[in-house]
Structure formats: structure tokens, C-alpha cells
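Remarks on the structure that follows.
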Amino acid sequence: MTELDRAKFTKEVTVPSVEIQSKNVGKSMPVFKKYLLKMEKLKPVTEVQGNDERRKLLLDPILFETFDKLREEDQQKLSELDLNKNSFSNTCLHLEYHNFRIDDVFKAVLPEGKEGCTSYSRIGHIIHLNLRDHLLPYKNLVGQVLVDKLIGVKTVVNKSSAIDSTYRNFQMEVLAGEADFVTEVKENLCTFKFDFSQVYWNSRLCTEHERIIKLLPQKSVLFDVFAGVGPFSVPAAKVRKCRVFANDLNPSSYHWLKENVRLNKVENVDTFNLDGRQFIREQMPPFLLTRPTEPIHVTMNLPALAVEFLDAFIGLLSGVELDPLLDITVHVYSFCEESSAFSEMRTKVESALKHSIENEQIVELVDVRDVSPKKHMLRLSFRIPPDVLTKAAEEETSSEPKRLKLDLETQDR
């Protein structure tokens, strides 16, 4: 079946059942609960027509065989409730498509012996799939079943191309429902609204977003280099009362970032639509030169490329004497191979910074999630070595922070 035919699921089935006094239903559950028939829009405990004092329990024919096959102690418990093997009978049920659970539907129509549709992401009213090749002939059926069976789902899409590394969005195909991509998601006490077809959002990163928010001290400072629609920036400002500088190159992400700042009524958030390297080199020095005493955190969640942007910190404060030293913690993400993930991550970061990181400068190294069997997304959180910031940068990059320093001094005068 490649096109959903709901009529094919209409059938008459016979299941074991037992009648019991209404007052004893609860007492019988320690025995019967695991055998009850579980189907959608079908109550396993029903009234007996014409007798208000009795109830009928519908049992799963796969799980329940006969009274005699029950454990001896279970038989004894039922006997105390005036039940025996003669209390059981068969009941005929009329089942339709709406009675079958989603897994049962897929098991009935998808290729036998192959991986079914067991994994998906939900983003508000949207279901996002990444179907394997053997399921593509059944993609519209899969989409329709998900719309039918999942409450509140209006749109099902399938990823049809790789994620664009510049704007972090991807092409998608609507499999079922409406082509409505503007959705809302609640996460970390905040509401996020965005057009899923134009921005990057991964619900599987909810736990990681929460971990970072918990790492931020109250009223600290956050520079969010690849902010997206604000999953770090907005709760940092709302929950942790941080001073936030949030940036994203994608114009659509920037639009929804500003909208989510407004929607969540957060203050102390400045938003930017810049290249990540430009954001670091233009927006960080003016603030750092004010000699802030608050802890400063920098999030760089662009796993495919973020490490390459670390060179923007080299010579960021060239010629500036850091006394006292600034407390800057960088949280940078990257994809690494499973076999050497942790050593690979550290090597990548040190190579980009052209500077080693001492063990005491590492806050934590976290395996965020498995992207594929041999590919992991990692985060290295580390305190940036002061020598990196003050290093005499190459001529084409060193002049910018110095000029910003001079501009500030001129303004002060």
C-alpha cells in the first residue's frame, strides 16, 4: 500500500473477554491490567448491556490465552472474586482505521523486515521526517498516517537536501497536511515562533540548550555568535537575567530572533545580522574594553563550521594589557568521528586558536548527541587563554580592535 486506504483496516475480530461485578473491577486489575486490549478509541472496560452492576473486560488475544494458563496465584486471586474458567468468553468487535495505533498501521503497510518509520521530530504542529530510501515510495502514506494519528499535527515534511552551511536551512517536501511552516515551540520557559522552512531548529537539542542556560551565572554576559531564533539567547536573558548580544547571518533567523525577544518580553538583548567572524571582531572589543567584571560566555553552535571561526579571537585585544584578566568562557560545537571524538575536538580547537589549551582551562567536553553511528556532535567549553586575545595579530586583522580601542578613548574624551 503506497496510498492510504483506510477501508482496508475495517474488520471483525474476536477477542477474549470476562464479565465481572462492577465493584470488583479495581480489585481485578493486579491480574488483568497487563492483558487488557489496548486500541485507540476503544475502552477495554465496558458496560454490560442491561446490567449496571456488571462490567465486561476486553482482553488482548496475543497476551491472554485461557484461565488455565494464568499463574496459580493469579487464578487464586480471581477465584476470590467469584471468577473461574467459565467466566470467560469471546466477544466480537467491529474495528476500523481509527481504532489502530500508529505502530500497528505502519506494521501493516510498510515493507516487512525493514526499518519502519520510528523516528521523527515534532516542531509545534509540524512533524519533520528524514526518511530512508526504502521508505520513499511510502512517503505520502507515512505523512497521512502521522496527520491522522498525532493530535495537533497539521503538517508533515521530509528533508529533501542537506543542511545549507551558510543559512542552516534545508529543502523540504510536504508529505501531508497544510504547507504551513510558521509554528511555535515552548522550551526552557520561553516561547519560540519561527518559519521552520527558513531557519534552523532541532528539537533534539532541547536538553543541550537547557544545559548551557544552567551553566550561565545570573546576570552574566552572553555573546551568541550563531544565535538562530534564540534558543540560547532568549532564555539566557529571561531566566538568567543575562546581558545578551545575539547574532545570526540568516536574515530569516534574524527576523524571528527579534520577534522572539519581543514575544518573550526580554530586555538587555541586542540583535545583529552579521557574519559570525565580523560579529566577534566588531561587537566584542568595545564591550571588553569597558573592563566588565561579569563572567562572559560565548556560544558558537554551528557544528559544521564553528571551530573555523575561533581564529577571530586571535589578537582580538592586541596591544591591550589585560589586568585583571577577563573571564571568558567559549562553548564551541563540532562534528567528530566516534573513535577519536574527544581528542579530535580538542585538536581542532587548539589548531584554530594556534594555541594550546591547558587542562585547567577546560570547563567540560560533552558528547551532545549521535548524528549517525560514526558521527557525534561535541561541545568543548573552555576558558579562552589570555595570550590568544592579546597576541600580536597579523596586519590585516590586528588593526580593527586597536582602532575600536582608540575610538572608545576618543569618545571618552
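FYI, residue positions are counted from 1 along the chain as it appears here.
Placed from the backbone N, Cα and C atoms, the Cβ positions cover glycine too.
Whatever TrEMBL says is automated annotation, not expert-curated.
Residues annotated as S-adenosyl-L-methionine binding site in TrEMBL: H209, D248, L249, D275, G276, N301. The compositional bias 'Basic and acidic residues' annotation in TrEMBL covers 399-413. Summarising the annotation, TrEMBL assigns domain 'SAM-dependent methyltransferase TRM5/TYW2-type' to 120-386. What TrEMBL lists as region 'Disordered' is 392-413.
Location within the structure of each feature annotated in TrEMBL.
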{"residue": "H209", "record": "S-adenosyl-L-methionine binding site", "Cβ neighbours (10 Å)": "20"}
{"residue": "D248", "record": "S-adenosyl-L-methionine binding site", "Cβ neighbours (10 Å)": "30"}
{"residue": "L249", "record": "S-adenosyl-L-methionine binding site", "Cβ neighbours (10 Å)": "20"}
{"residue": "D275", "record": "S-adenosyl-L-methionine binding site", "Cβ neighbours (10 Å)": "16"}
{"residue": "G276", "record": "S-adenosyl-L-methionine binding site", "Cβ neighbours (10 Å)": "21"}
{"residue": "N301", "record": "S-adenosyl-L-methionine binding site", "Cβ neighbours (10 Å)": "25"}
Max CA-CA distance, Å, over listed S-adenosyl-L-methionine-binding residues H209, D248, L249, D275, G276, N301: 22
Predicted model, mean pLDDT over the domain 'SAM-dependent methyltransferase TRM5/TYW2-type' (120-386): 93
